[in-house]
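Chemist: The structure is given below, and queries will be raised subsequently.
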Amino acid sequence: MDDRMVDQSMHDEESSFELSLRPTKLRQYIGQSTIKSNLEVFIKAAKMRQEPLDHVLLFGPPGLGKTTLSNIIANEMEVNIRIISGPSIERPGDLAAILSSLQPGDVLFIDEIHRLSSVVEEVLYPAMEDFFLDIVIGKGEEARSIRIDLPPFTLIGATTRAGSLTAPLRDRFGVHLRLEYYQELELKEIIVRTAEVLGTSIDDESAIELAKRSRGTPRVANRLLKRVRDFQQVNEDELISIATTRASLQLLQVDDEGLDYIDHKMMNCILEQYKGGPVGLDTIAVSIGEERVTIEDVYEPFLIQKGFIERTPRGRKATPYAFEHFSKKNGKKE
């Protein structure tokens, strides 16, 4: 899968850029108002009791700020944070080394926590619940179990696939927070703030236009802004104008709904080749040259959210809205 302008996952070169944009306190965090309000209470109560915050599960689509929120939680609790990825913890010993290095109250953030292996996950249960580890040393008749006490800590797990978590792991999180797609006005505020960080200016109309095409995702909004800024600077414009914004996005193949060329390819497959469906995911994958799992995890969720396709027992089916929208796009009469 090529890097797409509207891909909600992080591109390799974006990590340092995203770090420079991240707020450090809840009051600076834009959007997710319900989550912010709840976290303010949970954090204040934990600090009043002089206890670590309860374990937190953050879930929702990629690019909505799960890592940012975990850093904010650590900052608000005034503790250190350790950030790791689920797939990088290959053996129980790896997890034991990480947990035993934590200081009292520290935050351990595990991204893609749904990808932990079952043997690693089982070691995590007593660590989360009672703050100890049972490690088996040796093999066969010489094997023995050693208990290691751990300092109280907060585990923050992040996942885009909450349904893939096992029930025992999911139930050990005291706080469950689902991040939702952002509203246009929230994205506009983020875009204006990012433009300031980048040392450029953008008018309100252009910021709204970018927000409309950002798939409800701050990461996409910031990526589009960076590319539009390139066009602005090459054109030697004083600020990012609506004319530059629209022309740039057209060249980037991002339409007014935030759909890119791959989205159009997938919708054309369903609408034109299979007359609106239903059509199976495997068939779509072969038709557009992508893997089934990529379609299911990356492309399809936004098309469903926009109301263009629906899942049925027999496969994916285009909605009446999709027929209307794409017939207009292609200049066809309904």
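Going from the start of the chain as shown, residues are counted 1 onward.
Yeah, the Cβs are placed from backbone N, Cα and C, and that goes for glycine too.
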Chemist: Select one of ARG170, ARG172, ARG229: the residue that Swiss-Prot places in the ATP site alongside LEU21, ARG22, GLY63, LYS66, THR67, THR68, GLU129, ASP130, PHE131, TYR182, ARG219.
Modeler: ARG172
Chemist: Determine, to the nearest whole angstrom, how far the Cα atom of TYR182 (ATP binding site) is from the Cα atom of ARG311 (DNA binding site).
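Modeler: Each residue's Cα considered, TYR182 (ATP binding site) and ARG311 (DNA binding site) end up 24 Å apart.
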Chemist: Take the C-alpha atoms of ARG311 (DNA binding site) and GLY63 (ATP binding site) and report the distance between them in angstrom, rounded.
Modeler: 24
Chemist: Give the three-state DSSP assignment (helix, strand or coil) for PHE131 (ATP binding site).
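Modeler: In three-state terms, PHE131 (ATP binding site) counts as coil.
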Chemist: Select the closest residue to ARG316 (DNA binding site) from the following binding-site residues, measuring between CA atoms: LEU21, GLU129, PHE131.
Modeler: LEU21
Chemist: Measuring CB to CB from PHE131 (ATP binding site), give everything in the same chain under 8 Å that is also at least six residues away in sequence.
Modeler: ASP149, LEU150, PRO151, PRO152, PHE153
Chemist: Write down the Cα-Cα distance for ARG292 (DNA binding site) and THR67 (ATP binding site), rounded and given in Å.
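Modeler: Rounded to a whole number, the Cα-Cα distance is 27 Å.
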